[in-house]
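The next block holds one structure in the form of structure tokens; read it before the comments.
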Amino acid sequence: TTFKLALYNSLAFIKAISNSASFGSSKLLQKIVGMNFGLPFLFFVLLLQLARAAEDPAEEIPAKIEEIFRLPRWADYYNPGRTYYSNPFYRSQYNGQVYVTDGYGQTRLAGSSSSRARALKVETNLPVPHITMCSGSTCGHNAHCTTIGNRPVCSCLKGYTGDALYNCVRAECLDSSECRGHLACKNQRCVDPCQGVCGSNAHCETRNHIPTCTCPPGYTGDPFQHCRHFNPEELCHPSPCGANTNCEVVNNIPTCKCQPGYHGSPIAGCRHECDSDSDCGHHHACIEFRCQNPCAQCGQNAECDLVQNHVPLCKCPRGYFGNPLSSCQPECTQHSDCPQSKPACFYNSCKNPCDGVCGVNANCELRNGITPVCSCPKEMTGDPFTMCRPFTKEDLCQPNPCGANAKCQPGYDRYNKERPVCTCHPGYIGDPITGCIRGECIDDNECPDHQACFEYKCQNPCRGQCGTNAVCNARKHVAVCTCLDGHNGDALSHCYRVEGSEVKVSGAYFCSTC
């Protein structure tokens, strides 16, 4: 169908040319379609119509084709929605008016007296196709054409990049979300967004495709312009502190302090604590712009007990004499300054060291004239620093003078004088004065069968138990004595030899009567 339509349009075009006055007489047509040019020209027109039929489906179903000769008013033949004008003339529409371009490249408003071109009128049941400067353009693959300044311009489709006249390929990215976190989409490519963004000496870090510029440690300034070396003293210039303060940099942090004589918030500002006594409490006075204890105005060694109405009450302490507003002198400075009744100089005052030191019924003696020594009198006992009382026998063992695991009982010594007697507890052995330890045994049952418990130790029970010419064997913790072979008698005291008996001597036998 397309081929037939193209052939039909080509023949109609040639016929239109033959009837056109602009091409002269029919002899000219005969020359054009003659042997020299006819077949090539007809073939060219046929190809042109085939191309248009392939591009514009509106020409595939024409209802009627007729010739349009030169007319004074082209607008009479313009029917929006049903009529358009075919090659070789180019038709354009602007603001409801129709423009035609003849074969000589001249464009005129359709219907004007200067329009002298011819065209074919094709009536169809399709809408009027919108023909622009991009009609018939040949942009590359994945590209589209737009009209800019009455010129067709080829550009790649969204998401594609490359040469729009030849071929556009899929872009690496459309937005930064398609790139890695440290990259950003720029000109449809994932690139490092930090390039050329930050200033000199600045550090750039990409977070979520966005470059962030910061000055490195030890630098300050605008990271987008320039970072310079940082001097910590700059933190105090200008000072962030309030009035009457000093600013000092400590560990790279500005620290504000009130100047001497001032108090308050060093951030908001410092002021004098006081300007007169009325600014202070009743027990303080305004001294050097600060509320202080006025007792410092008392004399040397003086005491200040009470302050009334900002005025100190000064007095000399006990043992001192003099003017409390100027100076108080001590009663003594060394022991030799004191009388015999109060021989010791304590805290610049003469005192008896024994006063109130010892307990009830206790005696106090001074050693070296100043050191008190407390003791209970003879026939009395107790704590000389609390109380002394008459002595009793029970006091011999109170406190217990014996060692560990030993008991104390009142007794007598060789001179028949009362003294404490120490003994180890049952089952314990050792020195009761220094300490007793647990014995090896208490009874025979705690020892092996061949031993017996003597003095809380497991020992051989045969020691010295049998008589002469007797032998001892330990059996169940008991020494069993028997007379030697050839002997009779009491094994516990003495065994005598029997006459004529055979006596066994270490590897040999002999007769007692031989």
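Residue positions begin at 1 at the first shown residue.
Using the three backbone atoms N, Cα and C, a Cβ is placed for every residue, glycine included.
As annotated by TrEMBL, disulfide bond applies to Cys194-Cys204. Long-range Cβ neighbours of Cys194 (disulfide bond) (same chain, at least 6 residues apart, Cβ-Cβ under 8 Å): Cys204, Glu205, Thr206, Pro211.
Here TrEMBL flags 130-169 (among others) as domain 'EGF-like'.
The annotation domain 'EGF-like' is assigned in TrEMBL to 191-228 (among others). Long-range neighbours of the domain 'EGF-like' (191-228) within the same chain, counting only residues 6 or more positions beyond its ends whose Cβ lies under 8 Å from a Cβ of the stretch, are 176-177, 179, 181-185, 234.
Per TrEMBL, the feature domain 'EGF-like' maps to 232-271 (among others). Looking only at the domain 'EGF-like' (232-271), the predicted model's pLDDT averages out at 89.
What TrEMBL records for 393-437 (among others) is domain 'EGF-like'. Non-local neighbours of the domain 'EGF-like' (393-437) in the same chain are 381, 455-457; each lies 6+ residues outside the stretch with a CB under 8 Å from one of its CB atoms.
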